[in-house]
Amino acid sequence: MIRAHTAADVRTAEEPLLAAGEPLMDRAAFALATHVAAELRERGHRIPGSVILLLVGGGNNGGDALFAGSHLARRGCQVHAAVLAEHPHAAGLAAARAAGVRVHELAGAPDLNDAVTALARRAGVWVDALTGIGARAPLREPLAGLVTALAAERAASPDEPVVVAVDVPSGIGVDDGAVPGPVLPADVTVTMGAAKPGLLLPPAAALAGRVEVVDVGLEGGLAGQAPAVCRLSATDVADLWPLPGPADHKYTRGVLGVVAGSQTYPGAAVLAVAGAVRTGLGMVRYHGPEIPTSLVHARHPEVVTAPGRVQAWAIGCGIDPDDAARAQEMERGFAAGLAARVPVVLDAGGLSLVHDDAHADLPATVVLTPHAGELALLLTARGEDTTREDVDAAPARHARLAAEVTGATVLLKGPTTVVAAPDGPLYAQADATPWLATAGAGDVLAGVLGALLAGYGDALAVYAEGRLAGVPASLAAAAAYVHGRAARLAAGQGTPPRPRDVIFSVRRASHGEDDISRHTTTGQGGPISALDVAVALPAAVAGLLR
Ligand SMILES: NC(=O)C1=CN([C@@H]2O[C@H](COP(=O)(O)OP(=O)(O)OC[C@H]3O[C@@H](n4cnc5c(N)ncnc54)[C@H](O)[C@@H]3O)[C@@H](O)[C@H]2O)[C@@H](O)CC1
Ligand SMILES: [K+]
């Protein structure tokens with residue numbers, strides 16, 4: 001699991017170490033230099049003679065780069081430092097000069113953008129050390145204008161330079177993932193001590209590239225702090241996955257009640273049921289009119305239509321809340337789920353059930369699965385005027401707000417799926433592929449999540465009491481992971497990139513385990529349908545449990 005900690009928590013953890021004279025910046029700089037060298041090697045460049053540009057701001061972030069630059073200069077690189085602050089890190093500057101780094105003091109220069117762009121044009125690696133966790137986004141001028149110019153230069157450059165961000169891409173919201181101004185997109189972010197929330201959360205996460213976490217010795221200090229954002233890896237999901245034992249039968253494995261699909265959208269029923277059945281559970285009880293029931297049966301003869309006890313509900317895919325009969329059925333399922341204190345997934349039309357506060361103060365075992373537009377409608381209906389654009393600009397904040405307003409767990413769908421409970425850590429899962437942006441994919445996810453929640457059986461009922469309210473959130477993140485993994489398999493892209501929790505300052509050899517992700521995430525893959533995703537689920541789960 002990747003655990004991201006806020007800037008304040010990182011500072012608290014580093015304080016006693018700095019007081020004890022621990023060389024945190026030396027470790028950070030050495031690891032940074034090692035990663036830059038590895039990037040050069042990976043692109044087939046020799047390290048001696050490579051041209052590197054450091055973009056140096058006024059704080060310790062700039063200090064990291066200056067010390068790293070001195071290591072690289074000693075390894076034969078031609079290192080240029082564009083120093084953009086009046087008072088750069090003094091010891092870092094001295095070390096850089098002593099090692100032969102060419103220092104260009106450009107603070108206040110009238111032709112700043114031209115001067116830095118000219119240096120950038122000659123460099124194969126740009127190290128973004130303008131600001132780190134000590135800065136508040138957005139970047140101020142003149143750095144904002146400079147970053148805009150550099151981003152344009154990079155996009156126009158025939159052989160794009162590698163951009164390595166130090167700690168965070170300068171200008172992102174470190175704690176909230178906001179992108180309120182210009183940011184130079186990075187290929188790699190080398191982050192110190194622990195991942196930061198903005199490296200996992202959209203929209204900033206998309207600007208961070210691959211994230212390498214450097215162990216500078218903060219782990220002990222951070223162990224006592226709750227992470228702000230988590231990202232589950234395959235191992236975490238496997239640990240959460242309910243496995244059938246020899247004594248299990250269909251009822252102990254979990255039964256899911258599904259209210260999905262309608263005359264108008266019959267396919268949603270098939271897809272939600274396919275998602276559930278192929279994720280693995282004891283039984284699906286489907287509630288619906290003749291069409292889509294006949295379609296569901298044609299594809300899944302194992303589905304039962306007789307009402308009875310269930311351990312979870314999945315409600316709302318392919319249902320228009322204005323369809324009175326279906327709306328009534330949704331309401332019945334929801335009320336039954338709440339009364340029995342079993343988990344309920346509300347998707348699509350099912351979200352209308354919480355547009356008013358008729359069911360106030362929901363338990364965290366109710367999981368809402370909106371996309372950005374649906375979340376905006378829900379928040380607006382609950383008195384928090386919100387547009388889709390607002391949600392896209394700050395997905396995590398709005399998911400959390402919806403969780404606080406309703407009490408439920410909120411899984412906000414998007415290229416990065418964000419899960420928020422009313423409290424506890426957020427989850428940010430980026431396991432899928434853009435090929436997954438296709439009709440019906442969300443119906444499959446509702447089925448996956450419903451099956452996983454049902455698989456926990458009555459055990460989850462205790463969480464409805466408010467204890468361990470974060471468990472449904474971790475299961476929702478696990479469902480997003482498996483859904484994304486199935487999509488990648490279906491698209492022919494292999495398994496999701498393996499998040500690397502900690503990369504030690506000395507990088508392992510290129511055949512090491514850490515390189516698995518590169519081999520499995522190359523190829524662009526190809527188009528998939530929602531049903532393809534459902535079909536790939538058993539293999540996705542099996543691969544996970546291997
Ligand atoms: N936390 C840790 O354990 C470690 C942190 N280190 C580094 O130290 C960094 C934090 O250093 P600092 O606290 O000095 O702060 P930063 O270097 O992040 O930022 C401070 C500098 O940015 C400028 N600034 C602030 N907001 C700005 C804005 N909106 N626009 C333009 N300029 C702005 C300030 O004037 C100052 O010069 C980390 O990001 C990391 O790179 C490492 O050296 C060692 C270990
Ligand atoms: K930076």
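Every residue gets a Cβ built from N, Cα and C, even glycine.
Residues near N60 ((6S)-NADPHX binding site) in space but far in sequence (CB under 8 A, at least 6 apart, same chain), listed by position: M25, H89, G132, G134. Residues annotated as (6S)-NADPHX binding site in TrEMBL: 60-64, 132-138, D167, A268, G318, H371, D443.
Residue environment of N61 (K(+) binding site) contains 26 other Cβ atoms, counted within 10 Å of its Cβ in all protein chains. The K(+) binding site annotation in TrEMBL covers N61, D128, S170.
Per TrEMBL, AMP binding site is recorded for K413, G414, P415, T416, T417, G442. K413 (AMP binding site) falls within neither a helix nor a strand when secondary structure is assigned with DSSP, and so counts as coil.
The domain 'YjeF N-terminal' annotation in TrEMBL covers 5-224.
As a whole-number mean, the pLDDT of the domain 'YjeF C-terminal' (233-544) in this prediction is 89. What TrEMBL records for 233-544 is domain 'YjeF C-terminal'.
Of the chain residues outside the K(+) site list N61, D128, S170, L55, G57, G62, A65, A129, L130, T131, G132, A165, V166, D167, V168, P169, G171 have their Cβ within 8 Å of the site's Cβ mean position.
Between the CA atoms of P415 (AMP binding site) and S170 (K(+) binding site) there is a gap of 22 Å, rounded to the nearest whole number. By the rule that a residue counts when its Cβ sits under 6 Å from some atom of ligand 2, the binding-site residues H371, P415, T417 yield nothing. When the binding-site residues N61, D128, K413, G414, T417 are screened for a Cα within 10 A of the Cα of D167 ((6S)-NADPHX binding site), the ones that qualify are N61, D128.
The two recorded residues I133 ((6S)-NADPHX binding site) and N61 (K(+) binding site) have their Cα atoms spaced 8 Å from each other. Across the structure, G414 (AMP binding site) and H371 ((6S)-NADPHX binding site) place their CA atoms 7 angstrom apart.
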